[in-house]
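Some features that Swiss-Prot has for this protein:
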- His72: active site, charge relay system (ACT_SITE)
- Asp119: active site, charge relay system (ACT_SITE)
- Ser222: active site, charge relay system (ACT_SITE)
- Cys57-Cys73: disulfide bond (DISULFID)
- Cys153-Cys228: disulfide bond (DISULFID)
- Cys186-Cys209: disulfide bond (DISULFID)
- Cys218-Cys246: disulfide bond (DISULFID)
- 29-270: domain 'Peptidase S1' (DOMAIN)
- Asn49: N-linked glycosylation site (CARBOHYD)
- Asn130: N-linked glycosylation site (CARBOHYD)
- 1-18: signal peptide (SIGNAL)
Amino acid sequence: MLKLLLLTLPLLSSLVHAAPGPAMTREGIVGGQEAHGNKWPWQVSLRANDTYWMHFCGGSLIHPQWVLTAAHCVGPDVADPNKVRVQLRKQYLYYHDHLMTVSQIITHPDFYIVQDGADIALLKLTNPVNISDYVHPVPLPPASETFPSGTLCWVTGWGNIDNGVNLPPPFPLKEVQVPIIENHLCDLKYHKGLITGDNVHIVRDDMLCAGNEGHDSCQGDSGGPLVCKVEDTWLQAGVVSWGEGCAQPNRPGIYTRVTYYLDWIHHYVPKDF
């Protein structure tokens, strides 16, 4: 995915906001390991055609015909569904690909840049997938689920394994466990080293923080799922969105909070299938 490596903030009134650096998007798992077997059967790879159908973002199957991802993954450059393909759960990228076509791309109408939130989008597959033990939608959480601070969750993807370090062949799906960090504390962490006023919220209500030094998502993981186990059921808590660097001190990964957008999701995606 395209998780943002560095933060860009607008000027607000008379405040001068020192940004951590240029806006870049997230690409990979740092501090994790290969995800073996049929774990994470909802993970998908989004592909764009260059000299071949190349992975550019992650996503999650939330219905047999719908994929959830980040809006910054499918912005103006790839908004045409004919330019996107979806590969269902694969252990290794590009190994016996069976790419699925997309009939519709829907980005949230409030999305502009990731720092302003609403970094969420839906892709409708041309045809529904066949559900199995290896390919299965991830349940979405109830609106009441808060995912309290300290909850241990998992993020998955095929992105970079460190800042500027690409995932090497054979490009295995990676996983890493990350703790949820309460939004206020996460916001305080992001203010460290900046001259941004404390009254300016970097981490917004529709965002969720997770990760610690050495464990994080990175470039190429954008759009992928952050999942947490609640009473023996995996629920998708977040969508990989942005961050400053990968697994850096005081810079947790930032995810779009799924519960914030349940009404919008279900305006398009049936709850039952």
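A Cβ is built for glycine as well, from the same backbone N, Cα and C atoms used for every other residue.
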Of the recorded positions listed as His72, Cys73, Asn130, Cys153, Cys246, the one whose CA lies nearest the CA of Asn49 (N-linked glycosylation site): Cys73
Top Cα neighbour of Ser222 (active site, charge relay system) in the set of recorded positions Cys57, His72, Asp119: Cys57
Helix, strand or coil at His72 (active site, charge relay system) [DSSP, three-state]: helix
List of residues, in chain order, with Cβ under 8 A from that of Cys186 (disulfide bond) and at least 6 apart: Val203, Cys209, Pro252, Ile254
Sparsest-packed of the listed disulfide-bonded residues (Cys153, Cys228, Cys246) - C-beta count within 10 angstroms: Cys228
Residues near Asn130 (N-linked glycosylation site) in space but at least six apart in sequence (CB under 8 A): none
Number of Cβ atoms other than its own within 10 Å, given for His72 (active site, charge relay system): 28
Residue pair Cys246 (disulfide bond), Cys228 (disulfide bond) - Cα distance, angstrom, rounded: 21
Cα-to-Cα gap, Cys73 (disulfide bond) vs Cys153 (disulfide bond), nearest whole Å: 23
Least buried by Cβ count (within 10 Å) of the disulfide-bonded residues Cys57, Cys73, Cys209: Cys209
Distance, Asp119 (active site, charge relay system) to His72 (active site, charge relay system) (CA atoms, angstrom): 6
Cα separation, Asp119 (active site, charge relay system) to Cys57 (disulfide bond) (Å, whole number): 13
The one of Asn49, Ser222 whose CB sees the fewest other CB atoms within 10 Å, among these recorded positions: Asn49
